[in-house]
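Asker: Take a look at the following structure, please.
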Amino acid sequence: MENLKVSLIGVPTDVGAGVRGASMGPEALRVAGLGRAIAAFGAEVRDCGNLAGPSNPELPAVNGFRHLAEVAQWNLAVHQAVYAELSEGRVPIMLGGDHCLAIGSISAVARHCRETGRKLRVLWFDAHADLNTATMTPSGNIHGMPVACLCGHGPEMLTGIGGEMPAIRPEQIRQIGIRSVDEGEKRFLHDLCVEVFDMRYIDEIGMRATMEQALAGVDQDTHLHVSLDVDFLDPTIAPGVGTTVRGGPTYREAELCMEMIADTGQLASLDIVELNPALDHCNMTAELAVDLVESLFGKSTLMRMHRNYR
Ligand SMILES: [Mn+2]
């Protein structure tokens, strides 16, 4: 932990969301003590401040997309910032912002992995599959499309960020906590063979076995990226989200996910997205996110052996 260098990158925008407010997420996470919590583990924390970009024009969809130009501009900035921190050997934490920003961050992570010859595993914690396309989307909100864009399905302004198309392959993704999937997405998930651990699966086999499977094959050469949409969590513990879906993981289940990721020792980048302080109660959702990040960086109740899930 002594050599760990972490960079916080604030991305204050909600251009990809239907409900406004996620633009206030970065500051809420700072107020909840995110930087201090990570520094307490002996990591060196650099707060890069907030990226700049266009304001939210609040316009309707055009050809199936809302705010495509603005979303592209923000994601380009994210890509550059995340790539720069990775190039310096640091662990970037993107403080969103809505989930459309994962296009920029994960394309940067994928590029870094290609250039350094590392394997990439993306753990996508979310209530939604985020696999919509312009023809399938009910709303045109691009925060429902990042997985499709990263896999090469979407407008070139988004799929081309990072120079290689597609940025990632579906088999590099594991989705966890999914419980709201649109009809078209259901078909598409199946066709792309995305490995999805939905809530029914978690109910049936439990979170421990689920995470063992999601982490299977992760080894010393694996770059583990966590994309944490806070709507993954049950709304009773995480009300500060624009798109709540009931029936999500409990506090302990979520903690277990993060602890098992920490056990692998391979976490190398993180997105925290969709936190909406306008809908939160006394910053409790931001504080919960900080608790989870503490576990992700190795806070445990007892001294335990590190292990790999193969
Ligand atoms: Mn999402």
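Cβ coordinates come from backbone N, Cα and C, glycine included.
Heads up, here are the entries from TrEMBL:
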BINDING   His99, His128, Asp130, Asp229, Asp231  Mn(2+) 1 binding site
BINDING   Asp126  Mn(2+) 2 binding site
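Can you tell me where each of these features sits in the structure?
Answerer: In the three-state DSSP reading, His128 (Mn(2+) 1 binding site) counts as strand.
For Asp126 (Mn(2+) 2 binding site), the count of additional Cβ atoms within 10 Å of its Cβ stands at 27 [all protein chains shown].
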Asker: Quick check for the class: what is the C-alpha distance, in angstrom and rounded, between His99 (Mn(2+) 1 binding site) and Asp126 (Mn(2+) 2 binding site)?
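Answerer: Roughly 10 Å, rounded to the nearest whole number.
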Asker: If the Mn(2+) 1 site is taken as the center of the Cβ atoms of His99, His128, Asp130, Asp229, Asp231, which further residues of that chain fall within 8 Å of it by their Cβ?
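Answerer: Near the Mn(2+) 1 site, the remaining chain residues are Asp126, Ala127, His143, Gly144, Phe232, Thr243, Val273, Glu274.
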Asker: Are there any residues at least 6 positions away along the chain from Asp231 (Mn(2+) 1 binding site) with a Cβ closer than 8 Å to its Cβ? List them or say none.
Answerer: Asp126, Ala127, His128, Ala238, Val241, Gly242, Thr243, Thr244, Val245, Gly248, Glu274
Asker: Cβ-Cβ under 8 Å from Asp130 (Mn(2+) 1 binding site), same chain, 6 or more residues apart: which ones?
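Answerer: Counting only residues 6 or more apart in sequence, the Cβ neighbours of Asp130 (Mn(2+) 1 binding site) under 8 Å are His99, Ala102, Trp124, His143, Gly144, Met145, Pro146, Val147, Ala148, Asp229.
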Asker: May I ask you to report the DSSP-based helix, strand or coil state of Asp229 (Mn(2+) 1 binding site)?
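Answerer: Its secondary structure by DSSP: strand.
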